[in-house]
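A short worksheet on the structure shown next.
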Amino acid sequence: MQLNSTEISELIKQRIAQFNVVSEAHNEGTIVSVSDGIIRVHGLADVMQGEMIALPGNRYAIALNLERDSVGAVVMGPYADLAEGMKVKCTGRILEVPVGRGLLGRVVNTLGEPIDGKGSIENDGFSAVEAIAPGVIERQSVDEPVQTGYKSVDAMIPIGRGQRELIIGDRQTGKTALAIDAIINQRDSGIKCVYVAIGQKASTVANVVRKLEEHDALANTIVVVATASESAALQYLAPYSGCAMGEYFRDRGEDALIIYDDLSKQAVAYRQISLLLRRPPGREAYPGDVFYLHSRLLERAARVNAEYVEAFTKGEVKGKTGSLTALPIIETQAGDVSAFVPTNVISITDGQIFLESSLFNAGIRPAVNPGISVSRVGGAAQTKIMKKLSGGIRTALAQYRELAAFSQFASDLDDATRKQLSHGQKVTELLKQKQYAPMSVAQQSLVLFAAERGYLGDVELAKVGSFEAALLAFADREHAELLQQINQTGAYNDEIEAKLKGILDTFKATQSW
């Protein structure tokens, strides 16, 4: 078969017409130095602050320092095989993570990739890790409670939906335990939870996940993990990733709870990055913007109004407010709350729960110090019954602490003082609670009612715990309907007061403990 010249030229023209060229313009640069997870890149003229830079091997770095003749970027992941002279490209994208309901019940890394071996995740889209917090007009005041299930917290330091409540204390004082119990208590409340583990041992995180699974709480929880073995960049970014996942629910008119465990380790990771980028160090060698590091994160936890939710969902969700409640954790050194990072976070948050090692070692657990623990906005969110019954508890404890210090020096005390001391000791004993045993509002109310109305007067100190257990078992057995009513309404009136009094009178007359 022979082709003549016209056929050949026609064939060539046809092929040229069909040839599809897609031109891609990439701003390309060259790595000029690699050290400790930081790369310096020359030639990226148009790069943005916080932009993802594509590296060889399907990895990314984030541009943090934009200098005159080079860009300082932090590598997300392994960097040992990166070398001078390698080509890198701008992506034009800010770091985004997958968000959506598909993440519930899963364990993911900072980038939202599954690390639990349960297969891929079906997400509802992507969200930028850095987002601007809702404005003043878009917010609504906090007036609904988040029940932690702890008597001492829900009575004296109540937390509301959309609040930021700091959990602060030395190592091994029960900070994580309190946060995990708060997640377990949300099983049936409809609040979605996000647990962000920053710089922790992988074995510790595995234990937390196992406990959540045992108590059926993992199904409505997202666990975001940046372990101690991961790069400083991933530890620094983990809280922002978790926050973006929590905001998905907030912006759609739902309630979410996020725990940052802990922000001290995030600040240390950020300090490491900043020093390697040669930013000037400030107090305790932290960079100057370490306050902004935490404030821009914690301001994203808020209660947003129905108009904001309606506008965000383009009218799909109407008449619903959304909230993201944050429980950041800070570890102190030898109880020093006046150090740089603790004071920063105390000033950003709406209150703090201070856990003390001396109380913990004395067997008072949760080791909450009611003297310097405070909730600045949670009082408005407390249920009526808890508000009414918890008033005397804080006063009783404050008087007890004052008298206990005084009684060490006084040999003979009058009867009134002895009575107050005894009552304070019993209330302290009553507020003790085992881990993984959160209590409902009705159970807490019944116990607080007993303390408030003097039913502990003739109970021996050593038997307060067994008195409480027997009382709750009796109420569950004989008065389940009343407990259910209190849990549903949270109301307190003369009728409920009379019924609670009746339960306690009957219990003390007929039961033993």
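Backbone N, Cα and C atoms are what each Cβ position is placed from, and that goes for glycine too.
So that you can see what the record holds, here are the features copied from Swiss-Prot:
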{"type": "BINDING", "residues": "Gly169, Asp170, Arg171, Gln172, Thr173, Gly174, Lys175, Thr176", "note": "ATP binding site"}
{"type": "SITE", "residues": "Ser373", "note": "site 'Required for activity'"}
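Spacing of Lys175 (ATP binding site) relative to Ser373 (site 'Required for activity') is 14 Å (Cα to Cα, whole number).
Listed in sequence order, Val208, Asp261, Ile329 are the same-chain residues at least 6 apart in sequence whose CB falls under 8 Å from the CB of Thr176 (ATP binding site). Of all the binding-site residues given, namely Arg171, Lys175, the one with the smallest number of surrounding CB atoms inside 10 A is Arg171. When the alpha carbons of Arg171 (ATP binding site) and Ser373 (site 'Required for activity') are compared, the span between them is 17 angstrom. Ranked by Cβ neighbours within 10 A across all protein chains shown, the recorded positions Gln172, Thr173, Ser373 are led by Thr173. Between the CA atoms of Gly169 (ATP binding site) and Ser373 (site 'Required for activity') there is a gap of 11 Å, rounded to the nearest whole number. Taking the mean position of the Cβ atoms of Gly169, Asp170, Arg171, Gln172, Thr173, Gly174, Lys175, Thr176 as the ATP site, the remaining same-chain residues with a Cβ inside 8 Å of that point are Glu331, Leu355, Ser357, Phe360, Ala367. Each of the binding-site residues Gly169, Gly174 was scored by the number of other CB atoms within 10 A of its CB, and the lowest score belongs to Gly174. Sequence-distant contacts of Asp170 (ATP binding site), defined as residues of its own chain at least six apart whose C-beta falls under 8 angstroms from its C-beta, comprise Glu331, Thr332, Gln333, Ala334, Gly335, Leu355, Glu356, Ser357. Secondary structure at Thr173 (ATP binding site), taken from DSSP and collapsed to helix, strand or coil, is coil. Each residue contributes its Cα atom, and for Gly174 (ATP binding site) and Ser373 (site 'Required for activity') those atoms are 15 Å apart.
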